[in-house]
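**Student:** Okay, handing you the structure first.
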Amino acid sequence: MLESMYYEFFFIFPKERELFESFLLDTTHLALEESSLENLKAFDDKETIEFVSQSSWRYFATHDPLKENLKEKPPHLKNFVILRSEKNLSDSLFPALEAFCLNLKQSLQSEFDFFYLSRNLASKDWLEAYKQAVLPVRCAKFYIHPSWHQKPSHAAIDDCIMIDPALAFGSGHHESTSMCLELLSSLDLKRKNALDVGCGSGILSIALKKQGVSALTACDTDSLAVEETLKNFSLNQIPLLAQDKVIYGSTQKIEGRFDIIVANLVADVIKSLYSEFVRLCNHTLILSGILETHLNSVLQIYYNGFEVLEQRQRNEWVALKLLKKQSIN
């Protein structure tokens, strides 16, 4: 009997990484992991460290597309994206990324390139290795842990969130999510109504419920994310009340006003949703998933209707806590 295989794809996107990550999510519906050599060293993953640092990466550039698949060394291995799949996506994914590069060049009038590697492993190897590597993490008051790790006896139930990162769209391990959780931890949300835009795994929606919101609406344009949110609500034994909603779609389907809105997205989507957040927000807006290079362009738009109460940064990621200006309806 043939042993089942598992495929790992490694990418480096020198420019507009968040656009490429959104494309990968929309194309594959698989979770992405942002990593670096430092992270791999922390998990003592010697095999992967050797693979990414010693292999010849393949390369595609819009300024010379005829040289596709040229093997080169990336300029650095500070940040790369890992995508894992039970299927070999090489024949479809890499050409799709190349076409996406060329479309970006045409629409943004700029050159784009990316580096990539792929390898296949026995399924039993990566599953166990991944479980051993994914450890619980504390984000302010919240203790985030996978289902295969029990919560510590001293942790309060209301502070624990169970998320399986291998199966989810987001977890507390990413800087953008952890900063959202930290900002939520400091807020008194009892008897408030909340909106989670781009709910993904549902981790922020679960945190909002644990913070005491009286009514929650969550939405995502990916049907798999909606399913994941509902699954994780059940995993955490959080009932959806009559006034709670999990919606497949964007904010255009949502009516009313919300005391707090949380949106952990990407900068381009955040900028496009400004008028919607003005329409829906009564008081506090938390934005995350913004790369430092895009922060000024986001602030230029949001200064019109919101005041910046707090700004946090972790590595290249930025999160904002905003207050809606009373003069804006």
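Positions of Cβ are set from backbone N, Cα and C atoms, glycine also.
Feature list, courtesy of Swiss-Prot:
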BINDING   Thr177, Gly198, Asp220, Asn264  S-adenosyl-L-methionine binding site
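What's the neighbourhood like for each of these?
**Tutor:** According to DSSP, Gly198 (S-adenosyl-L-methionine binding site) is assigned to coil rather than to any helix or strand. Non-local contacts of Gly198 (S-adenosyl-L-methionine binding site) by the CB criterion (under 8 A, 6+ apart in sequence, same chain) comprise Cys219, Asp220, Thr221, Ala225, Ala263, Asn264, Leu265, Val269.
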**Student:** Under a three-state reading of DSSP, tell me whether Asn264 (S-adenosyl-L-methionine binding site) is helix, strand or coil.
**Tutor:** strand
**Student:** With every protein chain in view, how many other Cβ atoms are within 10 Å of the Cβ of Thr177 (S-adenosyl-L-methionine binding site)?
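**Tutor:** Step by step: centre on the Cβ of Thr177 (S-adenosyl-L-methionine binding site), count other Cβ atoms within 10 Å, giving 27.
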**Student:** What count of other C-beta atoms do you get within 10 angstroms of the C-beta of Asn264 (S-adenosyl-L-methionine binding site), across all chains shown?
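**Tutor:** Its Cβ has 26 other Cβ atoms within 10 Å.
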**Student:** On the Cα atoms of Thr177, Gly198, Asp220, Asn264, which are listed as binding S-adenosyl-L-methionine, what is the maximum pairwise distance in Å?
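**Tutor:** So the maximum pairwise Cα distance among the S-adenosyl-L-methionine binders is 16 Å.
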